[in-house]
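Annotated features in TrEMBL:
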{"type": "BINDING", "residues": "Gly74, Ser75, Gln91, Gln92, Phe93, Arg94", "note": "GTP binding site"}
{"type": "DOMAIN", "residues": "1-155", "note": "domain 'C-CAP/cofactor C-like'"}
Amino acid sequence: PSFFFFFLLQIDPKDYTFSGLKDETVGRLPGKVAGQQFVIQDCENCRIYIFDHSATITIDDCVNCQIFLGPIKGSVFFRDCKDCKCVVACQQFRTRDCRKLEVFLCCATQPIIESSTGMKFGCFQYYYPELALQFKDAGLSIFNNTWSNIHDFTPASGENNWGLLPETAVVQDYVPLPSSEDLKAVRISTDATKSIIPVTRGRRQKSSDESCLAVFFAGDYTTANARKLIDEMTSKGFQLVQTKEVLMKEEDAHRVFQQCASEFIPVLEKGPVVALEFNGDGAVEQCQSTINEVFSGTKVFVSESKASGSQDVDNFYNFADMQMGM
């Protein structure tokens, strides 16, 4: 008990609050928030950077701010904010009574907006060396990102309260890199190809009616292998539509992999699978040949034909959405 009391004395709420700031650049370096909760309120014309993982973050009554929030284990809640531009990674995302927020988002569950208008969303794209470990510490998978699957709690008839940012949107044009000396120490890249989160098309219109499902099974190199396949495919002009990391049981394998299920059931016990959907004419053939060339020793499920590809994708994501309680 004495140690716990000592720990409580150590935590000063002021270290975890930005309040009443105007025209300032402020932030927290990696290791400085370390999973605590954080409060941002009544800030105007500020640039705010939290380069660490946190428990939850609330953002109230902020106007014309640019905000970066590293991985949040729980929820981030924006209330009564307007004209803000943000980069956010979280388990749950909510807004209430907000106007004109533009958000590059990574969210593990369906993002929810309420009584909010003029909301625009894009896929999270960001890198600095500590970010991968911060995602782990926050219990977030880099492959579970439903950034474009927005639920509007209070839709108005005939009006759309939200939309997607242009595909060409560049993070730095919205949330510039920090200019203050102490925050410059963080080695940031906003290059989409370096992003810790694979950049996905999400709900945007697909360019082709051909999709391909590739599934990697748990092992030491699952993440690296999935990233490698994404790099190979996107460099050839195919689009990554969505990604997912989820545990599968034997009955799920029968539903998703159908006649090939018995081949994959033994490896399901090792841990979650990582699934990728690629889109584009010739995606299945290209995906198969890349997997044969680059991952010859690795067990990977890949769609057999153009005819079965879209069905594989539907089978997998229907199962995954039920699993994630979407």
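In case you wondered, yes, glycine gets a Cβ from its N, Cα and C as well.
Structural mapping of features recorded in TrEMBL.
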residue : record           : CB count, 10 Å
Gly74   : GTP binding site : 15
Ser75   : GTP binding site : 17
Gln91   : GTP binding site : 19
Gln92   : GTP binding site : 17
Phe93   : GTP binding site : 27
Arg94   : GTP binding site : 20
With a radius of 8 angstroms around the mean position of the C-beta atoms of Gly74, Ser75, Gln91, Gln92, Phe93, Arg94, what other residues of the same chain does the GTP site pick up? Thr56, Ile72, Val76, Phe77, Cys90, Cys107, Thr109
Cα-Cα distance maximum in Å, computed over every pair in Gly74, Ser75, Gln91, Gln92, Phe93, Arg94 that the record assigns to GTP: 11
